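Engineer: Could you have a look at this structure, given as structure tokens, before my questions?
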Amino acid sequence: MMLHVPEVLTRDQVADIRTRLDATDWVDGRATVGPQGAQVKQNRQLPELSPVGRELGETILKALLVHPLFVSAALPLRTVPPLFNRYEGGEHYGLHIDGAVRSVPGTHLRLRTDLSSTLFLSDPDDYDGGELVVVDTYGTHEVKLPAGDLILYPSTSLHRVEPVTRGTRVCSFFWTQSMVRDDGQRHLLFELDQDIQKLREKLGDCPEVLSLTGHYHNLLRQWAEV
């Protein structure tokens with residue numbers, strides 16, 4: 001399931017993050033990938049242990065955990081601290097797939113990458129090119145969202161970033177291990193949860209809504225790994 005999650009950050013939060021990012025030092029993005037990724041990656045990133053990056057990442061994680069759409073879709077168990085990248089002057093990232101397991105920088109923890117997220121910190125009018133292109137079983141999808149919005153997609157998807165030919169594209173990106181490993185099961189739970197919320201708005205907590213809520217939690221109880 002691929003999902004647009006709007007307004008993860010407010011405009012003021014985006015502006016503050018961009019101000020701080022623009023004042024810090026960036027490194028060659030190839031330093032954070034293996035030999036295969038390094039052949040197709042051309043961008044800059046904040047160092048994984050950057051104090052500024054860690055602080056800004058905490059701001060993003062706090063916003064995610066109170067965003068009902070993200071929580072409903074991802075059912076997050078653990079999330080790698082958000083990283084930050086920057087593309088300009090023709091920089092790009094060729095077709096690749098994310099690694100199945102990620103280490104949490106500065107710790108001995110590892111997590112399974114079920115879901116990948118890109119949080120846009122530049123508006124579409126600020127740059128040309130730079131589309132995130134995701135290839136899945138349903139086709140090829142080009143993504144270019146307003147600053148503060150996020151795209152969530154399965155980490156099993158091939159994807160690339162098109163060359164940025166004008167301006168600067170700044171994003172945060174990270175991976176989440178879901179409580180529900182299987183994408184199909186997670187999609188079913190998401191749609192059921194969204195329908196329950198809509199029915200509750202119309203009908204309140206009537207017996208049928210309570211029954212559906214019970215079915216949701218029983219399915220989650222059956223499939224969740226915590």
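Keep in mind that glycine also has a Cβ here, set from the backbone N, Cα and C atoms.
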Engineer: Please identify which of HIS67, HIS141, HIS159, HIS187 is recorded by Swiss-Prot as part of the Fe cation site containing HIS96, ASP98.
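Structural biologist: Only hit among HIS67, HIS141, HIS159, HIS187 in Swiss-Prot's Fe cation site, alongside HIS96, ASP98: HIS159.
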Engineer: Here are the binding-site residues: HIS96, HIS159, ARG169. Which has the lowest count of other Cβ atoms within 10 Å?
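Structural biologist: Output over binding-site residues HIS96, HIS159, ARG169: least Cβ neighbours within 10 Å is HIS96.
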Engineer: Near ASP98 (Fe cation binding site), which residues of its own chain have a C-beta under 8 A away, given they sit six or more steps off in sequence?
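Structural biologist: When sequence neighbours closer than 6 are ignored, ASP98 (Fe cation binding site) has THR113, SER116, SER155, TRP175 within Cβ distance under 8 Å.
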Engineer: Check ASP98 (Fe cation binding site) against DSSP and tell me helix, strand or coil, would you?
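Structural biologist: Once the DSSP labels are grouped into three classes, ASP98 (Fe cation binding site) ends up as coil.
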Engineer: Expressed to the nearest Å, what is the distance separating HIS159 (Fe cation binding site) and ARG169 (2-oxoglutarate binding site) at their Cα atoms?
Structural biologist: 17
